[in-house]
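Novice: Dumping what TrEMBL says about this protein:
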- Asp71, Leu72, Thr73, Arg98, Gln114, Asp118, Arg267, Tyr271, Tyr272: L-histidine binding site (BINDING)
- 1-352: domain 'Aminoacyl-transfer RNA synthetases class-II family profile' (DOMAIN)
Amino acid sequence: QGTRDHPPAHVVLRDRLLAAVVTCFKRHGAAAIDTPVMELRETLTGKYGEEAKLIYELQDQGGELLALRYDLTVPFARYLAMNKITNMKRYHVAKVYRRDNPATTRGRYREFYQCDFDIAGQFDPMIPDAECVKIVHEILSDLQLGDFLIKVNDRRILNGVFAVCGVPESKFIPTCSTVDKLEKMPWEEVRSEMVGEKGLSPEAADRIGEYVQLHGGLDLIERLLQDPKLSQNKLAKEGLGDMKLLFEYLTLFGITGKISFDLSLARGLDYYTGVIFEAVLLQQENEHVEEPVSVGSVAGGGRYDGLVGMFDPKGRKVPCVGVSIGIERIFSILEQRLKAGSLRFHMYRLSPQAAGEKVRTTETQVLVATPHKHLLAARLKLISELWDAGIKAEMLYKKDPKLLKQLQYCEDTGIPLAAIVGEQELMDGVVKLRDVARREEVRM
């Protein structure tokens, strides 16, 4: 119960939950960016596939056709195009609106918060994508929701599967929307929809079924790279190559135990172009809840390289990858535990603010840098340790950036420290910590 001086426990819980997510986003060097609740209707239409029917449409007194934002991704892409921004790391916590059938026990509402983290810019493959998956892993681990799994796939692999199974290109997106229902429906019903509603031949549906029911890790990726049909498809081959690279980086982050390469993952939104991912809870940790809370996925995202170009008059593309945390769905679980008296608040302690930190565009405390080539693995391992220790850290998304450029980035953004690890440091088992402003270094 709340009192005059203290809010109800569930309000405190929501605030702390949001603060914990934002703290993780800031730890990765993201800046807060806002967009309006209302957009032109044409901005939102044609981006969400079958989900477009859930957009709230409005009309103002002047006859202008408007809509309430359906998610935070499309408005962000529009913002990048309008402001001619080609490079940004941002987070946004705000409400979105969907004309859906509410189910409060499952965390499904018509008005609800989304917590988004996005990286926009041209970078070397899979480095930003791996960081987005790492963020999901960090948040779900910190919140102690129980066991979870992060499924990953690639739209190019799916499209390659559809192509080799005989699906016309015009039916790729509708077929993708149907595959996306595999988490909620058995394969027989999904197959029936493919044939009965989407117009696929029974033979094509059966061939698709042989692929989309596969899941595994690097071994499955290697197997599919040798698949006689898929290996001949350019899109699938590109997707599988990047998926292999993603798993290599996630191995360096030490989180592949929670990752599954799952060909049934499709994510129904039209704008995804490459890697896609989704986190699901595997079990209910608390046994005292009378009715188990079924919430489905609690986080999801992927790469959307073509979305910004849709809003640019000249069609200029800005590659982007992002993740959205389903805060209301997580809150539904925690609220049930709060009622059952089993929730511990200590898990939401925030990292202490760095002493004497001046106001600047990022809260990052340290940049992980390397002075030589072929040391990306060392950077990924070190930055993963820093993130896991609650330290706000960044690195440049290049395989072999020059040290001068890395230090210049620190000066431009106000990052006070650079953790430098070179070949000698690796041999000696130390890190060179540089005070950027004073240009002083210590080995530790």
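Cβ from N, Cα, C; glycine included.
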Novice: Mind checking which of Gln114, Arg267 has the fewest other CB atoms within 10 A of its CB? They're the binding-site residues.
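Specialist: Counting other Cβ atoms within 10 Å of each of the binding-site residues Gln114, Arg267, the minimum falls on Gln114.
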Novice: Would you report the average pLDDT that the model assigns to the domain 'Aminoacyl-transfer RNA synthetases class-II family profile' (1-352)?
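Specialist: Computed over the domain 'Aminoacyl-transfer RNA synthetases class-II family profile' (1-352), the mean pLDDT is 87 on the 0 to 100 scale.
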Novice: Any idea which of the binding-site residues Asp71, Thr73, Tyr272 has the thinnest Cβ neighbourhood at 10 Å?
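Specialist: Among the binding-site residues Asp71, Thr73, Tyr272, the lowest count of other Cβ atoms within 10 Å belongs to Asp71.
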